[in-house]
Amino acid sequence: MINKKNLWKTADNHNIEERMRKIQSAPVPEHIAIIMDGNGRWAKKRALPRVAGHHEGMKTVKRIAKLANRLGVKVLTLYAFSTENWKRPKAEVEFLMKLPQEFLNSFLPDLMEENIRVEMMGDETQIPSYTLKAVQRAMEETSGNDGLILNFALNYGSRAEILMAVKNIIQDAKNDILLEENLNEDLFSSYLMTNQLKDPDLLIRTSGEVRLSNFMLWQLAYTEFWFTDVNWPDFKDVHLFEAVEAFQKRSRRFGGLS
Ligand code: FPP
């Protein structure tokens, strides 16, 4: 007997493949950065505790990382925990610090199968050792993968990052490792936590908030921004397609003329 539901599914899959092929026929952003916002509101709408929103948000990370990889995106940087997020209730902070462990334990086989490499940027000194260990293990195990770099911003703050760069530059200048006349934007960038990565081409922020919240202030100088009202746990494949399609329609002039 013909199963109507499966027929629809096949048609849906066909549409998705078609849309992906179309996106891939134009330049795909090499580096996408996402401020994953709205987990708390997603939970509140459903009368669930805030942490349920974070947990659902983790599932979105899995889906979107796989899709970005399939699209040919080279780097996906996700704002998972900011230097300001310590101000949240202790139980929520603890939950967020335990999420990487759960995420990486359950997702490592997929990461290997999909050839995805895990990276992390942020101040490691305050991060609990169990969190750091889980991330470091995933970084080690995936270090040979050469597909998407899944870069977690964990205890990351852009102002702190810039300040750290300035301090290290001063130190290197004092020790004659760096000459003032050689200091330019590229050299400055090499002191940032993103020194191995190109600047993001596309920034996505979910949940309707329109601000940067101390995220990659230096690196986003010429990035295209895309905002959506959708809360992060509700962010689906179609939303990533929409963001990338919008990006592909933009004319990037980097201060020059097209
Ligand atoms: C902002 O939403 C979200 C965060 C501070 C945490 C982001 C973490 C995840 C999406 C979980 C995935 C993490 C890993 C390591 C896989 P909010 O809590 O500020 O939402 P609200 O503004 O609606 O309250």
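Note: Cβ is positioned from N, Cα and C throughout, glycine not excepted.
Automated prediction, rather than curation, is the source of TrEMBL annotations.
Feature annotations, reproduced from TrEMBL:
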- Asp37: active site (ACT_SITE)
- Asn85: active site, proton acceptor (ACT_SITE)
- Asp37, Glu224: Mg(2+) binding site (BINDING)
- 38-42, Arg50, His54, 82-84, Trp86, Arg88, Arg205, 211-213: substrate binding site (BINDING)
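Overlay of TrEMBL annotations on the structure.
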residue	record	Cβ within 10 Å
Asp37	active site	24
Gly38	substrate binding site	25
Gly40	substrate binding site	21
Trp42	substrate binding site	25
His54	substrate binding site	22
Thr83	substrate binding site	18
Asn85	active site, proton acceptor	18
Trp86	substrate binding site	12
Leu212	substrate binding site	15
Glu224	Mg(2+) binding site	19
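Sequence-distant neighbours of Arg205 (substrate binding site) (same chain, six or more apart, CB under 8 Å from its CB) are Ile34, Ile35, Asp37, Arg211, Phe225, Trp226, Phe227, Thr228, listed in sequence order. By the rule that a residue counts when its Cβ sits under 6 Å from some atom of ligand 1, the recorded positions Asp37, Gly38, Gly40, His54, Glu224 yield Asp37, Gly38, Gly40, His54.
For the recorded site, Arg205 (substrate binding site), the DSSP three-state label reads strand. The residue listed as 'active site, proton acceptor' is 14 Å away from Gly38 (substrate binding site) when you measure Cα to Cα. Distance from the CA of Asn85 (active site, proton acceptor) to the CA of Gly40 (substrate binding site) is 13 Å. For the pair formed by Glu224 (Mg(2+) binding site) and Leu212 (substrate binding site), distance between Cα atoms is given as 13 Å, rounded to the nearest Å. DSSP classifies Gly40 (substrate binding site) as helix under the three-state reduction.
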